[in-house]
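Trainee: So TrEMBL lists these for the protein:
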BINDING   ASP26, SER41, ASP71  Mg(2+) 4 binding site
BINDING   ASP26, ASP71, ASP203  Mg(2+) 3 binding site
BINDING   ASP43, ASP71  Mg(2+) 2 binding site
BINDING   ASP43, ASP118  Mg(2+) 1 binding site
BINDING   HIS50, ASP254, TYR306  substrate binding site
BINDING   GLY117, ASP118, ARG142, SER205  ATP binding site
BINDING   ASP206  Mg(2+) 5 binding site
DOMAIN    24-133  domain 'PurM-like N-terminal'
Amino acid sequence: MNEFSLIETYFNWGGSNLANLGIGDDCAVIDIDANYQLVTSVDTFIEGVHFPSNTSASDIAYKSLAVNLSDLAAVGARVKYFTLALTLPNINKKWLSQFSTSLKSLADEFGIVLVGGDTTKGMLSITINVTGVVKKNKALLRSSAQVGDLIFVSNTIGDAAYAWKQLQNNQTPSEYVINQFNRPKPQLFLGQQLSDIANACIDISDGLEQDLTHILTRSNVGASINLDDIPLTYEVKTYIEKTNDWCLVLAGGDDYELCFTAPVKNMNLLKALQNKNNITVTQIGIINDSMALTKIGFFDKQCCSYQHF
């Protein structure tokens, strides 16, 4: 049983008059008044599962908040506040100082406030719940892709997975890719700007193939993507050319970039957004009515994206 079947079987208790969007999506979107909706997301980070035991306190703090902010970016929300539940094996003042300094630095960067939480003793884990707002009916959804939409991703894909692969092989990743692994940049500004451009959106956490498939499943559509069009850094591209290991890019995950679909009629708006704000997005495919995902390129292996169970 994987994460999604577990949720569907045991915790999808049916519709709610309160939540417009809930279990199984990047965030819950909840009606609060006539003009705005509340957006909330929660993630847990556990030592040895989500980060190596030798990861610095500052990197743990940064990533644990960043991945939650990425969920809000995927629906185009503006962040407001967060809570922190921290489980510690012991009290280490130096570790806590580094953790709190890094957490506050990222929170300040995006104007989000820590409003409460909980602490307990046990194996190191961090649970963060982030809350924001979005204008009524303006949240970007997974379920709104339309046939003919073009498919885009932000920046480059596969850097974090490449760093993780090197760490597992006792190799030393470059400063750039290890930074992409430990300190992914939440695409909050891009998500907010896409509300009038994109039809559907998701953040890439479990792998491009799996996360794009979530859009296709929710939207009842299919897609074709061209592997040669997926944006890669030089070192990831070099690795792929040597190994043909496209699973690293398609299923490695931990990118925390945005994958979105947009109609052709909005391409001028998207180009203007890119030019004005120095934003990089790349078209990698198109939505069709096939009800399947076709990968165009020299690759025929089924990738296995990250599974929590």
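The backbone N, Cα and C atoms fix where each Cβ goes, glycine too.
In TrEMBL, annotation is done automatically, which means it is predicted and not curated.
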Trainee: Between ASP43 (Mg(2+) 2 binding site) and ASP71 (Mg(2+) 4 binding site), what C-alpha distance do you get in Å?
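Mentor: Distance (Cα to Cα, whole Å): 9 Å.
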Trainee: Express the distance between the Cα positions of SER205 (ATP binding site) and ASP118 (Mg(2+) 1 binding site) as a whole number of Å.
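Mentor: That comes out at 26 Å between the alpha carbons.
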Trainee: If I take the alpha carbons of ASP118 (Mg(2+) 1 binding site) and the residue listed as 'Mg(2+) 5 binding site', what is the distance between them in whole Å?
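Mentor: Pair distance, Cα basis, whole Å: 28 Å.
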Trainee: For the residue listed as 'Mg(2+) 5 binding site' and ASP254 (substrate binding site), what Cα-Cα distance in Å is obtained after rounding to a whole number?
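Mentor: Rounded to a whole number, the Cα-Cα distance is 6 Å.
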Trainee: Return the residues near HIS50 (substrate binding site) by Cβ distance under 8 Å, restricted to its own chain and a separation of at least 6 in sequence.
Mentor: THR44
Trainee: Using DSSP, would you call ASP71 (Mg(2+) 4 binding site) helix, strand or coil?
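Mentor: It is helical.
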Trainee: For ASP254 (substrate binding site) and ASP203 (Mg(2+) 3 binding site), what Cα-Cα distance in Å is obtained after rounding to a whole number?
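Mentor: Just about 10 Å between their Cα atoms.
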Trainee: So among SER41, ASP71, GLY117, ARG142, all listed as binding-site residues, which is physically nearest to ASP203 (Mg(2+) 3 binding site)? Use the C-alpha atoms.
Mentor: ASP71
Trainee: Please name the residue among the binding-site residues ASP43, ASP203, ASP206, ASP254 whose C-beta has the most neighbouring C-beta atoms within 10 angstroms.
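Mentor: That would be ASP203, with the most Cβ atoms nearby.
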Trainee: Determine the most Cβ-crowded residue among the binding-site residues ASP71, ASP118, using a 10 Å radius around each Cβ and all protein chains in the structure.
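Mentor: Its Cβ has the most other Cβ atoms within 10 Å: ASP71.
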Trainee: Sort HIS50 (substrate binding site) into helix, strand or coil using the DSSP assignment.
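Mentor: The residue in question, HIS50 (substrate binding site), is coil (DSSP, three-state).
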Trainee: Based on DSSP, tally up the residues of the domain 'PurM-like N-terminal' (24-133) by helix, strand and coil.
Mentor: 35 helix, 46 strand, 29 coil
Trainee: Report, in whole Å, the straight Cα-to-Cα distance of SER41 (Mg(2+) 4 binding site) from GLY117 (ATP binding site).
Mentor: 15
Trainee: Cα of SER41 (Mg(2+) 4 binding site) to Cα of ARG142 (ATP binding site): how many Å, rounded?
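Mentor: The Cα atom of SER41 (Mg(2+) 4 binding site) is 15 Å away from the Cα atom of ARG142 (ATP binding site).
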Trainee: Would you measure the largest Cα separation among GLY117, ASP118, ARG142, SER205 for the ATP site and round it to whole Å?
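Mentor: So the binding residues stretch over 32 Å, Cα to Cα.
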